[in-house]
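Chemist: This is the structure I want to talk about, given as structure tokens.
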């Protein structure tokens, strides 16, 4: 078979990106841990009443994970009694965030004996306006997680083998680090599940939400941390999954970009940045666009990513898909942006050059873009 850039990229994908041999033991171990933790949480007098299932999200849930599945992201859905009575308001001071007014919820459940534990807890985690407080909710959940791991002896036995567990609060996630036959982490991310009727999106974004039934408000701490914080991050994972579904080579192209980011240690580019870049393209491109090869989509997206990172002649930006007033690159410093821009622009140039003229260096160029185990430096 004559070698061309597409063949070489496909070869690199099979070798570095699609690694399946480790997935079964990792997922089996993860499922055992998830079920044990969830079972302990269900026994809590308050949290047990709020838990309404979970959703595997992130790279693994989106089927975008590259290499070994050593990170799992799990949305833990919390639903309060009379949840539909939560009054949701957009946070005018922080685009993409919402404020949750629990007034009507508390008025109703305050006289219900069976909901007394929840009502008593709510009184401790709202302010005088009955707005839910992110930091107080997270402190409560942190105490539950600490108790859970203490009950488990900070370890779990799976298939006759003991693994040690360490808990750490990481942003909105309550993270368990597992050390044993499988080494991985699980982000348990609390998510207050809200209905479509409670959406506060602008009309254009509401169209893209479509017929999705639910969305979530995530208690994500502010940076720097803020006491009595009423602002929750909006999350539209189900709607995003629907938007990305059925786009033939979209996900393979995302995997290529994530793998390149990983091996080149460009950690300032988050997975959600990449996902957002592609979400915008989903609504801008004709559906047939995604039948192009992963290689062609990848090259074009490298260019669009570099454009959004540029500082000159016009500063680029990456608007949050659900509230474009929020620039997702705004928190990056100029030096961080420049570093990312230079890398992805150079990567785009290299792939475009090799796409038109495969030569003796092409194979090394491609493999070094997706693996650390090659000598060629992009």
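Cβ atoms are placed via backbone N, Cα and C, with glycine included.
The Mg(2+) binding site feature in Swiss-Prot is assigned to 71, 73, 187; the stated evidence is similarity to another entry. According to Swiss-Prot, the feature ATP binding site maps to 71, 72, 73, 237, 238, 239, 240, 258, 271, 272, 273, 274, 275. The GTP binding site annotation in Swiss-Prot covers 187, 233, 234, 235, 236, 237, 238, 239, 240 and rests on similarity to another entry.
What's the neighbourhood like for each of these?
Modeler: When secondary structure is read from DSSP and collapsed to three states, residue 71 (Mg(2+) binding site) falls in the strand class. If you take the C-beta of residue 71 (Mg(2+) binding site) and look for same-chain residues 6 or more apart in sequence within under 8 angstroms, you find 58, 59, 60, 65, 184, 185, 186, 187.
According to its DSSP assignment, residue 275 (ATP binding site) is helical.
Cβ-based neighbour count (10 Å, all protein chains) for residue 238 (ATP binding site) stands at 19.
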Chemist: 234, 271: which of these binding-site residues has the sparsest Cβ neighbourhood within 10 Å?
Modeler: 271
Chemist: Counting distance between Cα atoms, which of the binding-site residues 73, 271, 273, 275 is nearest residue 236 (GTP binding site)?
Modeler: 275
Chemist: About how far apart, in whole Å, are the alpha carbons (Cα) of residue 271 (ATP binding site) and residue 73 (Mg(2+) binding site)?
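Modeler: Rounded to a whole number, the Cα-Cα distance is 12 Å.
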Chemist: Calculate the distance in Å between the alpha carbons (Cα) of residue 240 (ATP binding site) and residue 73 (Mg(2+) binding site), and round it to a whole number.
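Modeler: Per the Cα atoms, residue 240 (ATP binding site) and residue 73 (Mg(2+) binding site) stand 16 Å apart.
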Chemist: Enter the number of other CB atoms within 10 angstroms of the CB of residue 273 (ATP binding site).
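Modeler: Other Cβ atoms within 10 Å of residue 273 (ATP binding site): 19.
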